[in-house]
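I have placed the structure first, in the form of structure tokens, so that the comments after it can refer back to it.
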Amino acid sequence: MINKDFYNQDVISIQQFTREDLETLFEYADRAKKHKDKKLELLKDKVVMLAFFEPSTRTRFSFEVAAKRLGADVVGFSGEEGTSISKGENFTDTIRMLDSYSNLIVIRHKLEGAAKYASEIAENPVINAGDGKQHHPTQAMIDLYTIREIFGTIDELTYAVVGDLRYGRASTSFIYGLLIYNPKKLYLVSPPNLGAREEVISYLKEKGVAFEEIRNLEEIIDEIDVLYTIRLQKERFPDITEYEKAKGSYKITLDLLKNAKKGLKIMHPLPKLDEIDKEIDSTEYAAYFQQAKNGVPVRMALLSLIFGVEL
Amino acid sequence: MSEKSTLVVSKIKHGTVIDHIPAGKAMNILSVLGIRGEKGDRIAIIMNVESEKLGKKDIIKIEGKWLEPRDFDVISLIAPSATVNIVENFEVVKKYKVSLPDRVEGLLKCPNMTCITNERNESIKTKFKVLSRDPLKLQCEYCGTIIYKDDIVKLTNYLKK
Ligand SMILES: [Zn+2]
């Protein structure tokens with residue numbers, strides 16, 4: 001559990017953090033924004049390892065840019081090809097090796113728990129950049145930071161998280177992140193077979209937040225302040241027919257937004273395909289470009305705090 | 001042990017008596033302990049005898065085998081009410097009440113096939129946090145998956161010890 005002192009800590013789940021921790025992080029992110037276009041030399045003797053066992057572009061690049069802006073050297077890989085894992089070395093030994101070459105490992109992996117396990121092996125800090133369907137804590141930090149930037153608060157807003165809540169790690173971490181605050185209400189909108197996993201529902205109940213699982217977004221569109229949508233990730237579906245059934249079921253259109261609450265903001269943590277109509281991009285509803293832009297300053301903030309340097 | 005149950009099977013000389021097992025769970029206990037009798041162990045299983053505490057209970061007597069603390073943990077997952085008596089020369093020399101630890105390590109397999117603990121080529125010890133004791137509810141510390149009492153027998157990988 002992190003409590004304001006991020007120094008040398010692992011970041012595995014957004015659930016480790018308190019409000020106070022996130023406040024500190026967000027202050028650092030505000031400061032990182034002021035250093036835009038500048039290359040700092042705060043981490044000039046550090047090596048950041050980007051161990052992306054599962055390919056990614058956005059998250060990897062934003063970590064890479066964040067680390068480089070702070071002056072760190074960045075090494076790494078994307079996909080298992082070219083790593084010793086593809087030659088049959090086991091994960092445990094690979095992590096040991098990567099740990100010995102660097103000062104911090106950012107890891108993405110297709111299996112749940114991979115980052116936590118890596119953090120138990122590695123002596124240096126480990127940041128989870130996505131483990132299977134489970135956690136994506138730095139994305140949740142960016143999401144919360146963006147909401148705070150737009151609304152000035154994260155509390156007392158009504159949220160809808162829409163789409164595949166079963167296999168979506170960004171949406172799962174976002175829900176966990178909201179539970180650190182006091183949302184007015186949280187709607188979980190998904191097809192029946194893609195509802196939030198049991199451990200997520202169980203955690204919502206434990207935290208005593210007002211939430212409701214529904215199927216139809218139209219019913220509540222006039223009530224919500226933040227609409228958080230995600231792309232269905234085909235690769236995470238164990239059954240392709242499930243994917244085909246769900247595909248296209250929650251498309252956000254201008255027509256749907258006719259009844260939207262004034263000030264509604266739409267968020268989307270991933271490269272979007274066709275979940276959101278293109279015409280929406282140029283409206284006041286679109287918050288996803290701002291959200292994407294916050295990736296670098298938030299990750300710069302996190303790296304600075306973990307390495308214990310003042311931004 | 002009550003008088004009634006001693007009527008059913010005679011006392012053992014050296015070994016272990018597991019008493020106060022909820023009725024019907026004796027076979028599960030033997031299964032999770034990996035005791036199948038094939039090594040010639042002498043085992044008595046007494047099922048559905050009257051018990052003041054439980055109404056009905058099962059009892060297991062194992063001649064020539066002494067259970068260890070690790071075995072108690074695995075018993076506690078299935079029979080939290082159980083007591084373990086160590087017998088020497090027909091006398092109970094030690095009596096333990098099993099108790100469920102806060103964290104169950106290395107005893108259960110995670111049912112989530114995409115959990116890192118199920119990765120082949122690795123030997124990662126599973127860790128489950130006890131979320132609730134009654135009804136028994138555990139959560140994998142790696143992948144978050146929740147498991148219940150009824151899943152436990154089939155998830156035990158204790159035999160591999
Ligand atoms: Zn697991």
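Cβ from N, Cα, C; glycine included.
What TrEMBL says about a protein is an automatic prediction, not a curated fact.
DSSP assigns B:CYS115 (Zn(2+) binding site) to a strand in the three-state reduction. Here TrEMBL flags B:CYS110, B:CYS115, B:CYS140, B:CYS143 as Zn(2+) binding site.
Across the domain 'Aspartate carbamoyltransferase regulatory subunit N-terminal' (B:8-98), mean pLDDT in this model comes to 88. Annotated domain 'Aspartate carbamoyltransferase regulatory subunit N-terminal' per TrEMBL: B:8-98, in sequence order.
If you look up TrEMBL, you'll see B:103-152 marked as domain 'Aspartate carbamoyltransferase regulatory subunit C-terminal'.
Around B:CYS143 (Zn(2+) binding site), a 10 Å sphere centred on its CB holds 28 further CB atoms from the protein chains shown. Cβ neighbour count for B:CYS110 (Zn(2+) binding site): 25 (other Cβ atoms within 10 Å of its Cβ, all protein chains included). A strand conformation is recorded for B:CYS140 (Zn(2+) binding site) in the three-state DSSP classification. Its Cβ taken as reference, B:CYS140 (Zn(2+) binding site) is surrounded by 24 other Cβ atoms within 10 Å in the chains shown.
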